[in-house]
Amino acid sequence: MLWFSGVGALAERYCRRSPGITCCVLLLLNCSGVPMSLASSFLTGSVAKCENEGEVLQIPFITDNPCIMCVCLNKEVTCKREKCPVLSRDCALAIKQRGACCEQCKGCTYEGNTYNSSFKWQSPAEPCVLRQCQEGVVTESGVRCVVHCKNPLEHLGMCCPTCPGCVFEGVQYQEGEEFQPEGSKCTKCSCTGGRTQCVREVCPILSCPQHLSHIPPGQCCPKCLGQRKVFDLPFGSCLFRSDVYDNGSSFLYDNCTACTCRDSTVVCKRKCSHPGGCDQGQEGCCEECLLRVPPEDIKVCKFGNKIFQDGEMWSSINCTICACVKGRTECRNKQCIPISSCPQGKILNRKGCCPICTEKPGVCTVFGDPHYNTFDGRTFNFQGTCQYVLTKDCSSPASPFQVLVKNDARRTRSFSWTKSVELVLGESRVSLQQHLTVRWNGSRIALPCRAPHFHIDLDGYLLKVTTKAGLEISWDGDSFVEVMAAPHLKGKLCGLCGNYNGHKRDDLIGGDGNFKFDVDDFAESWRVESNEFCNRPQRKPVPELCQGTVKVKLRAHRECQKLKSWEFQTCHSTVDYATFYRSCVTDMCECPVHKNCYCESFLAYTRACQREGIKVHWEPQQNCAATQCKHGAVYDTCGPGCIKTCDNWNEIGPCNKPCVAGCHCPANLVLHKGRCIKPVLCPQR
């Protein structure tokens, strides 16, 4: 019997052409449990036997595929497909040789040994010569020393001389301590035996073209951008930059470096790669390869308030890359790889100089009656009227942060609304309240507010809190909440927003760690224990989408119908509006007279479209923004901290309280019973 495991059409073709053999194929199933490929027919025949246990067999049409290998196992032919590993993101050159199944990150072959990319080594016979492999290129160079004193001392068995003392740039370093001089990412120094020794990092030669390289922030050496793939290179030949060199051919990389293609590896040697002085004929290379560099010969560049060493590169403003060349600063525009779209699960980030694809952050949205959409995309409704954990870090016993929401019935029979949002960061408690009012540890504050671990500011019609922990909270001052979690928090969160692990099926894990089959049980398990009485009479069930009168139903559908209008049409093909429409109708049917309850669904749909890079033409400022204060008040991010009322408007004296954000009465009006009125209209005392 001939067994196949997931080899698809090749197995089917071979079995159909071999009527005398029984093929037992292990079928692959799709997500619905339906067999793929060979599910359409049953193949019959006799058993394929073999004699030599463990022998690798060649079977036409099957083993022609380099990923499939057939062996004799228990006297029967068994075939298996090789599974290819995922290449590292740092792999800049992937190769696939003829006859091989999987792609590999290009390594190096040198003197009969094989080395992985980024590996560095030194030979005992040549301890002062450094060799390093980088995507098929071996760079051979001498250890580069940096000397900062006039009379350095050379030591037997050491590549670099040392300078007396361990005081460097005015700082006293301890024995064994390693440090970097200010402004030099490429130089490392150490304090050994009461003396200082400094070594400058030698950067590997890259196989990619120069315009496809960049220096990552905070690093010394450039790296290749993206990943190149090469198939079926001629045996022994080398790919370097955009050219292919035959085995044994040589070329000059620059005036000081000669390269040779040896057995598919480019070996590049610096001309002054050994300790000692330079010959007269190599004066042009001495600046690059001298092991001893006296201080007076070191040419540096000053750019802004920083000092850069000769040969050092850095990113400047306006997306330019600069280099220090023999004491002169040279800058050029940064070359970017054109990117127009990203694979599923990633977004195009245009914040830097070059667009890059980054993992999408997790987004949890709460809006309306309220409707919850978790980080992993599960939607549910819950009308509790207490305070609940929206999300927190569950990866450690003492959660470094948590976001709480407090719900309010707002005089409805069956529904509740989000009344306020509270962010707890260590000892700090930030409360986002109605009409975009903000309290920090109980005191109202003005905007913007910048603290060590968070920043609060008004972003258009939304209040935005950005934390160093990786959370970003948006609040509209009414009942819309959006929590954005950075990708590094994946799998660490819990609460009403779910666990952010990429699977919506396990989002209903309660506060006790057990999965809940009922949404209400799940939500109540995240209730914050307090002495406050927050229960209300038993909620009336809502069997229908809308239980109001005909007039109420007509108003609900009339307002929510705008989701289908031209203002949102550009997004319909990308983000389905049906869920938001149902939520809108539900909210409108239990909507208090003074509220525009469609706003939350419209805002949630608009934000979902914006996250997909689609601009819609709806703006909430006219009817929905919380900055549109009522009863004569106006919104101000830094309004007076002392409220003028009918009881105190004529009192003389300055206000010593700091300004606060929120709705305030204009200077010529006073607050009375929630309304701004003229002082002459105040009731007599």
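Start at 1 and count along the chain as shown; that gives each residue its number.
Glycine residues also receive a Cβ, built from the backbone N, Cα and C atoms like all the rest.
Per Swiss-Prot, these features apply:
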type     : residues      : note
DISULFID : CYS364-CYS497 : disulfide bond
DISULFID : CYS386-CYS534 : disulfide bond
DOMAIN   : 50-105        : domain 'VWFC 1'
DOMAIN   : 108-163       : domain 'VWFC 2'
DOMAIN   : 164-225       : domain 'VWFC 3'
DOMAIN   : 238-289       : domain 'VWFC 4'
DOMAIN   : 299-358       : domain 'VWFC 5'
DOMAIN   : 362-535       : domain 'VWFD'
DOMAIN   : 629-682       : domain 'TIL'
CARBOHYD : ASN116        : N-linked glycosylation site
CARBOHYD : ASN247        : N-linked glycosylation site
CARBOHYD : ASN255        : N-linked glycosylation site
CARBOHYD : ASN318        : N-linked glycosylation site
CARBOHYD : ASN441        : N-linked glycosylation site
SIGNAL   : 1-39          : signal peptide
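Distribution of Swiss-Prot features across the structure.
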{"residue": "ASN116", "record": "N-linked glycosylation site", "CB count, 10 Å": "11"}
{"residue": "ASN247", "record": "N-linked glycosylation site", "CB count, 10 Å": "15"}
{"residue": "ASN255", "record": "N-linked glycosylation site", "CB count, 10 Å": "11"}
{"residue": "ASN318", "record": "N-linked glycosylation site", "CB count, 10 Å": "8"}
{"residue": "CYS364", "record": "disulfide bond", "CB count, 10 Å": "26"}
{"residue": "CYS386", "record": "disulfide bond", "CB count, 10 Å": "21"}
{"residue": "ASN441", "record": "N-linked glycosylation site", "CB count, 10 Å": "10"}
{"residue": "CYS497", "record": "disulfide bond", "CB count, 10 Å": "29"}
Interface-richest range of 50-105, 108-163, 164-225 toward the domain 'VWFC 5' (299-358), CB pairs under 8 Å: 164-225
Minimum Cα separation from ASN441 (N-linked glycosylation site), reported as the residue among recorded positions ASN116, ASN318, CYS364, CYS386 that achieves it: CYS386
Reported mean pLDDT - the domain 'VWFD' (362-535): 89
CYS364 (disulfide bond): secondary structure state under DSSP, collapsed to three categories: strand
Secondary structure content of the domain 'VWFC 3' (164-225), with strand meaning DSSP E or B: 3 helix, 23 strand, 36 coil
CYS497 (disulfide bond) and CYS386 (disulfide bond), Cα-Cα, nearest whole angstrom: 16
Distance [Cα-Cα, Å, rounded] between ASN255 (N-linked glycosylation site) and CYS497 (disulfide bond): 61
Structural state of ASN247 (N-linked glycosylation site), classified by DSSP into three states: coil
Separation of alpha carbons, ASN318 (N-linked glycosylation site) and CYS364 (disulfide bond) (Å): 35
